[in-house]
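Undergrad: The domain 'Kinesin motor' feature in TrEMBL is assigned to 6-282, 283-325. Annotation comment: TrEMBL describes G135, A136, T137, G138, C139, G140, K141, T142 as ATP binding site. Look at TrEMBL and you will find 341-432 tagged as coiled coil. Residues annotated as region 'Disordered' in TrEMBL: 622-988. Sequence annotations record features per position, and here TrEMBL assigns compositional bias 'Polar residues' to 623-635, 761-781, 914-924. For 643-655, 711-738, the entry in TrEMBL reads compositional bias 'Low complexity'. Summarising the annotation, TrEMBL assigns compositional bias 'Basic residues' to 657-667.
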Amino acid sequence: MVAAGSINVAVRVRPPTSWEATRLPQATYDSCIRTDGALSISPAKAVTNNAPLREVIQIVDDRVLTFDPEERDASRAFVERGFLPPGTKRYKDRRFIFDKVFDHQARQEDVFHNTAKPLLTNLLDGYNATIFAYGATGCGKTHTISGTDADPGLIYLTMADLFQRIEDRREEFIIDVVVTFLEIYNEEIRDLLTESGTPTPRGGLQIREDKTVKVVGLQELRPKSADEVKAIVALGNSRRTQSPTHANETSSRSHAVLQVHVTQAPRTANITEQRTMGTFKLTRLLKFSLGGNCKTVMIVCIAPTSLHFDDTQNTLVYAERATRIKTKVVTRNVVNVDRHVGQYVEAINRLNLEVSELKQKLAGKRDVEADKERRRRQEAAAEVARSKSDMQVKAEQMQPSIVDGASCAGKVAIAEAKLKVIRTRLAQLDAEASTSSALSADLETERQLLRALAGPEEDVVKAQSALNVRVQRSNNSDAMFDATLRAVSERKSDKLDEYAGDNVKLDARWRKAEMERAKAEASRDVLKEAITTQAEAMVSLIGLVSRCTVMLSDASRILGTATAEGRDGLEATAKALSSSLGHVAESNDEAFKALLGHSVASYAVGAAPSSLQSFKGYPATLGRSTSGPSTSSQPAKPRVSRRSSSYGSAAPGSPLRKGHKSPRRSLRSSIAPSTAPYRRVSDKEKGKKKGVQWRDEAGQGNIDDGGLGAPTTTPSITLSTPDAAESSSASVFGPSSSVQKRPASVAGSESDWEDEKTEDSFNVSFSHNASLDASTSTVSASAIRKRPRASRLDPSFLKSKSRGSNLESLAENDEDIMMGTPTKRPLGDRNMNRIPSPTGSSSSSSTMDPLHIPKGRERQHGSPAKRVPMTPKVVLGLSKGARRRSVIGPMRNDRPRRRSSMIPQLSPVDRDGNNSGDTSQILNKSVGGARRVPINGGERSPAKRVKRMSLLSGPSSRMNASARLKIPDANTSAEMSFSKGVGKPTWR
Ligand SMILES: Nc1ncnc2c1ncn2[C@@H]1O[C@H](COP(=O)(O)OP(=O)(O)OP(=O)(O)O)[C@@H](O)[C@H]1O
């Protein structure tokens, strides 16, 4: 329902016709050249003031116009009006206000949009609507309503819009349009749609007025488009009564009414059908339009010139009155139509048809939806694949650089760790140097060496090092990789739905995790390699240090023994030891150089105090608890081990043995077999300060010198490093070229003395091939581990404790090695204290290692044991053919062996200290020694086994670590060298 209102009145001013235009005044000016030469323009003169017409409509705005406005130009006003008495109003000058005013330039579309179009919505909602044109003849009513083919009027424009709206509602409504066209002329109604000649009722068609006004018998047409309506209107106009007027040659002289009935019913019809009806266009027919149940628009057409002065004035006055017409409350034209039963079938069929159509549409719509969904998923999958591919490509591009950076970072971290330790130790050394006048030679050498070792590490850790540059490059690559992952995972795309987006994000996170894993693995590999390298170096150093320690203790013991013996052998012993230790140091340095790439000797400081005098010990942990190099005011003190302190307490030049506990004790924890023999030496026994322990233990033991007296040969001990070939050959278990060089030592070194006190075999061999690993590095750990610990109740236990000098054991091992019977070779007759012939024909036994301890005492071919007073002598050098003799302990059959008998003995000399000459005689005399072990028939005890310590590599391996003691005269050698098979320092 629309609230009550009034008729909308719009005024359209048509343009002047060509006839009128020629009669309107034209603005002219009179110009002339004055006498002074100036151009003179006079106001318009009354040269055109005789124009018969003038404009009487002045448009103020789109709603206001002035009829017959006052002329501002007085001269022109005088011309127009002539002389008028004062007080007389010369102009109407009346102002009118309407709902809309169109000037002569308004187009048909402008008029349509502001008048008819708003009514169409109401029409389709069931409200009546009327548009009619009003005005004098020739003022433009036909032009506004009908128009021309080239410029169609409101009928065509309205119908075109109506059919468009109907088309838009066709899915929901069934809309029926019926058109009638009639003419009212001389109070008679004539149907314009009937064929000419069709009989019409007398007086024209009749009007039947009920609730509505309806003309009976009108031809109704159902156009389907605006063009059909246009054709209908054209046809009807051609049938109108026309008669020219003075104002319009084609004046219609009648009223034409085009009625458009629109009936609209919803497609979802029920038993009752609700229909809305609207009707468009006069006289009685406009009864409901002018004040009835209708929305009405009145278009007032006027002429602009004074030619239609009165008509225009009357029209405007009438139109103004029309604006004051109040309409009723407009209601919808809604009727409920009760269907006949017979119509149900029709409705059902129509509904079924509609249902099937809708089903088809729905199915098609579903197919379309399915296709769209499938296409969308394919596009999403393609987008996901593209994103993953982008990340994979970037990962493959960046991974080498990133992983390389992780490796480099690991190496830098390792270098920093090394440098930290080195600096800590250097800080300790510097602190010690600052407290004392000068560092001892060993400490100064250590400091120089550590500084040399720190140099490469500092090069590595500095910011612009090659490794750090690679780390920085890797960080950049890592950042780019992260940015790529972030950009791809956050990429905005209409093709990616929620799940596809999560898929891409998960892939990005997986890529990141994979990259982190690769970095961790690279870092791990670097650390693992570093640990392996360090472990190799540490193992080598352990061997080097431990063996050197043992050798030093041996040298100390030898010196101590020589000191106890008196000055006779002390000088020679010291000289020999000096030479041997020098060779050991050289070999040691060679090994060290091969291991770390630096020669200790090159850093040795000769002018510094003796390292032995000022030796205090070694740092154990380098102040591991400290966070870095010692920078505190309190310098870190090197940790001095208990054992080292005992060394340090020894007076310079005094026998190192004095006052110190057996240094071998400290080795027990690391090398059990090596420590085992020294357990035999008790503190009690040490308290006796025996020069040679075996004599005191035996109580009656003497060196059986065979009456030869003291040896006259100058004791000498030489540790030499053979050439590589010799070293290699010596390291081979089995016959080699060195066998021929050292026959005497091989045969003669195997004594029953040794057999008696050695039942266990202890082989220590460092074998380095390409690398030192568990498979090739055999510290004879198996022998160590597998050998059952001897019970104290087991006689072999005592034997297992017995051990000779390490230096000599090396020589023994060499001999055994060269004989091809390295460990378990039973001792044969030739190895039993065979007395060499005076001519030295028994060279194999007469040539002795000066450090070789006699292996026992034996009877010569079963001769009864003969006690021969013997003076223990340490023979460090024997002339060729000399023979060591063991005078240790009583014979086995005489009394149980004591532990003290297992104390290693050095080479025996005769009572007079003469170890030169016929060794066989010495040995003969020693047969009767109180502690000899009887060996019947010169055969070895089957229970005896050879005790050996070998630091040689296996026969098939290259010699990388070996120890040999070589006595030039005896063709035996002891050498010690550490080297890696690849000759590359293992520090880095
Ligand atoms: N707005 C207009 N623009 C241009 N020409 C117009 C306009 N209005 C009317 N005319 C012209 O004026 C003349 C008269 O117009 P029209 O025939 O529509 O008048 P009328 O009011 O219908 O006359 P009648 O009542 O006698 O039929 C026509 O030649 C028409 O083309």
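Glycine too: its Cβ is placed from the backbone N, Cα and C atoms.
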Undergrad: Which has the fewest other CB atoms in a 10 Å radius around its CB: A136, C139, the listed binding-site residues?
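TA: Looking at the binding-site residues A136, C139, the Cβ with the fewest others within 10 Å is that of A136.
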Undergrad: Please list, in sequence order, the residues in the chain of K141 (ATP binding site) that are at least six apart in sequence and whose C-beta is under 8 Å away from its C-beta.
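TA: For K141 (ATP binding site), the qualifying residues are A133, Y134, G135, I299, C301.
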Undergrad: Which residue, of the binding-site residues T137, T142, has its CB surrounded by the fewest other CB atoms within 10 A?
TA: T137
Undergrad: Which of the listed binding-site residues (G135, G140) has the least company, meaning the fewest other Cβ atoms within 10 Å of its Cβ?
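TA: Taking G135, G140 as the binding-site residues, the minimal 10 Å Cβ count falls on G140.
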Undergrad: With H, G and I counted as helix, E and B as strand and the rest as coil, say where DSSP puts C139 (ATP binding site).
TA: coil
Undergrad: If you average pLDDT over the domain 'Kinesin motor' (283-325), what do you get?
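TA: Taking every residue in the domain 'Kinesin motor' (283-325) and averaging pLDDT yields 81.
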